[in-house]
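Undergrad: The structure under discussion is supplied below as structure tokens; questions concerning it will follow.
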Amino acid sequence: MSKTEPLCLSLLNICKNLTTFKQIHANVLKLGLESDPFIAGKLLHHCAISLSGSLDYACRLFRYTPNPDVFMHNTLIRGLYESDRPQNSLRMFIEMMRKSFPPPDSFTFAFIVKAAANLRSVRVGIQLHCQALVHGLDTHLFVGTTLISMYGECGFVKFARKVFDEMLEPNAIAWNAMVTACCRGGDMKGGREMFDLMPARNLMSWNVMLAGYTKAGELELAREMFLEMPMKDDVSWSTMIVGFAHNGYFEEAFIFFRELQRKGMRPNETSLTGVLSSCAQAGALEFGKILHGFIEKSGLAWIVSVNNALLDTYSKCGNVHMARLVFERIMNERNIVSWTSMMAALAMHGHGEEAIGIFHKMEESGIRPDEIAFISLLYACSHAGLIEQGCEYFDKMKGMYNIEPSIEHYGCMVDLYGRAGQLQKAYEFVCQMPIPCTAIIWRTLLGACSMHGDVKLAEQVKERLSELDPDNSSDHVLLSNAYAIAGKWKDAASVRRSMTEQRITKTPGWSMIEVDKIMYTFLAGTKQYKITEEAYKKLEEIIGRLRVEGGYVPEIGRVLHDIEEEEKEGSVSVHSEKLAVAFGIARLCKGRTIRIVKNLRICRDCHAVMKLISQIYKVEIVVRDRSRFHSFKDGYCSCRDYW
């Protein structure tokens with residue numbers, strides 16, 4: 001090795017960007033070292049694997065390398081399968097096979113089989129399996145393990161098991177791959193059987209089973225396994241926290257996080273984002289603030305994904321001001337997720353114009369908007385009633401950025417027209433969609449018909465929905481609602497009777513509120529707990545005061561049953577958000593903002609009650625329903641009565 005070679009290698013070790021790499025490459029060419037297989041291989045490996053955004057240059061480097069060896073072929077195949085274009089690695093493999101020299105080795109097949117797994121293509125995987133058989137590499141431990149993982153990723157657990165059974169001496173990695181394949185394929189029983197048969201288990205074996213149980217929603221089995229584990233690492237704790245959070249058990253996720261801290265372990269990026277996700281979904285602002293303080297004290301505020309999760313938490317807990325502050329703090333580190341999250345936050349809170357401003361700033365910063373960014377943008381236009389702007393951005397997405405609209409984008413446009421009352425235009429838009437219409441699109445339009453009381457169009461849309469999803473309870477409720485708003489009580493009652501006869505039940509409404517870092521859930525019409533009895537008692541007092549001081553009269557015109565006036569009043573008075581706000585007034589200190597999360601759309605009567613409470617009790621109320629935020633203050637709502 002000449003004196004210049006170690007210098008080139010040391011420069012590669014500290015090379016962090018493509019510009020510097022090109023300078024090193026130029027120096028290699030100047031010194032005539034490009035024909036050295038070792039140097040050429042190191043250059044290609046660094047460019048294809050270590051540097052981000054340099055894969056195209058690595059491909060050009062490979063093309064100009066005379067007689068590339070198997071290492072160089074494998075390097076480029078690996079770089080391509082790990083990219084967002086894994087199909088290109090297949091082209092590279094085919095080119096290699098056509099040359100017949102150099103012949104593929106075990107690494108070649110391991111890398112290319114991973115490409116098939118990334119593509120979720122079992123057809124390609126089987127073809128590669130056959131090629132491995134031809135070259136006598138199918139029984140190689142490394143290749144066999146990769147084949148097991150590929151079949152598991154594609155959902156063919158039986159094929160994975162067959163490969164495993166043909167292995168002569170599977171090691172711990174192969175056993176773990178087989179257990180993972182079972183879990184990925186939803187065969188938890190088979191996964192447990194393999195786990196129990198393992199001659200030796202390592203920490204990864206336990207973590208794989210934990211992940212499988214939480215993904216399948218088998219949380220009690222996950223808890224039992226977690227308690228049985230002889231040792232736990234940050235992955236084990238993160239799996240439990242994220243698993244419980246994603247399955248809606250937010251309080252349990254918080255408990256695991258607190259226990260993690262009590263054990264003296266340092267939360268990692270995954271566990272932090274997982275528990276922040278729990279706070280966001282539950283609307284647990286106070287616990288989110290505690291986590292924010294912990295992140296600052298622990299020196300973890302530099303992690304972009306944690307900041308993005310923190311931004312999302314503040315946004316979904318109704319504190320858009322803090323969401324803005326987090327967004328401003330990560331000015332130089334913002335990625336597409338940061339920008340999109342901020343747009344979504346502003347959109348949910350009714351700040352459509354500001355969300356559009358953020359979109360333009362993102363464009364100016366050089367970040368190219370993706371499909372999700374446009375969903376947030378169209379959502380903002382929809383909830384702010386910005387019809388012209390929404391149409392303009394829908395066209396811009398296709399015309400300027402070559403992004404083909406997905407069903408979500410079409411759904412936003414239907415929602416845009418529907419909320420504005422342009423129902424016929426929404427219907428025509430749906431009928432002219434170039435992709436098959438889904439039940440969600442029709443349901444969005446049915447919701448708009450229901451909101452505006454357009455019975456004739458609602459009946460047409462319901463007929464279309466019946467072909468796709470005949471027994472969905474929400475469709476029957478929306479049609480009944482349309483009849484009721486139009487005053488057609490007999491038709492509304494007929495739909496309700498039909499639901500009863502078909503045993504179709506509507507989704508029960510619930511609302512959650514955080515008091516002293518404890519989440520309380522209220523269901524409409526329940527009185528079996530002391531907490532709900534306390535809420536009912538306070539609500540009765542509140543309604544009485546609203547009648548006297550605010551002239552409140554229950555909005556019973558949209559109650560969906562043809563019943564006596566007194567009964568109608570009773571049915572709207574027990575909605576879960578009313579119980580939650582009454583409990584908040586009873587328990588929270590004066591001056592504290594009341595924050596409520598609701599699973600359904602807030603009704604007009606509850607909306608009117610919240611405005612009156614904010615005015616008479618001098619309290620700010622933030623309600624997050626299934627589609628947006630309502631911030632009530634001094635008798636007004638941030639949605640400007642447009643939702």
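In case you wondered, yes, glycine gets a Cβ from its N, Cα and C as well.
Keep in mind it's a predicted model, so treat the numbers as computed, not measured.
Relevant sequence annotations retrieved from TrEMBL are reproduced here:
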type	residues	note
DOMAIN	551-643	domain 'DYW'
REPEAT	69-103	repeat 'PPR'
REPEAT	171-205	repeat 'PPR'
REPEAT	233-267	repeat 'PPR'
REPEAT	335-369	repeat 'PPR'
Undergrad: Under an 8 Å Cβ to Cβ limit, what residues of the same chain, 6 or more beyond the ends of the repeat 'PPR' (233-267), are close to it?
TA: 203, 206-207, 210-211, 213-215, 217, 219, 222-223, 226, 273-275, 277-279, 281-282, 284, 287, 294, 298, 518-519
Undergrad: Report the DSSP secondary-structure composition of the repeat 'PPR' (233-267) as helix, strand and coil residue counts.
TA: 26 helix, 0 strand, 9 coil
Undergrad: Using Cβ atoms and a strict cutoff of less than 8 Å, what residues sit near the repeat 'PPR' (171-205) while being 6 or more residues removed from its termini?
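TA: Same-chain residues near the repeat 'PPR' (171-205) but 6 or more away: 141, 144-145, 148-149, 151-153, 155-157, 160-161, 164, 211-213, 215-216, 218, 221, 231-233, 235-236.
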Undergrad: So what pLDDT does the repeat 'PPR' (69-103) average out to?
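TA: Here the mean pLDDT over the repeat 'PPR' (69-103) amounts to 91.
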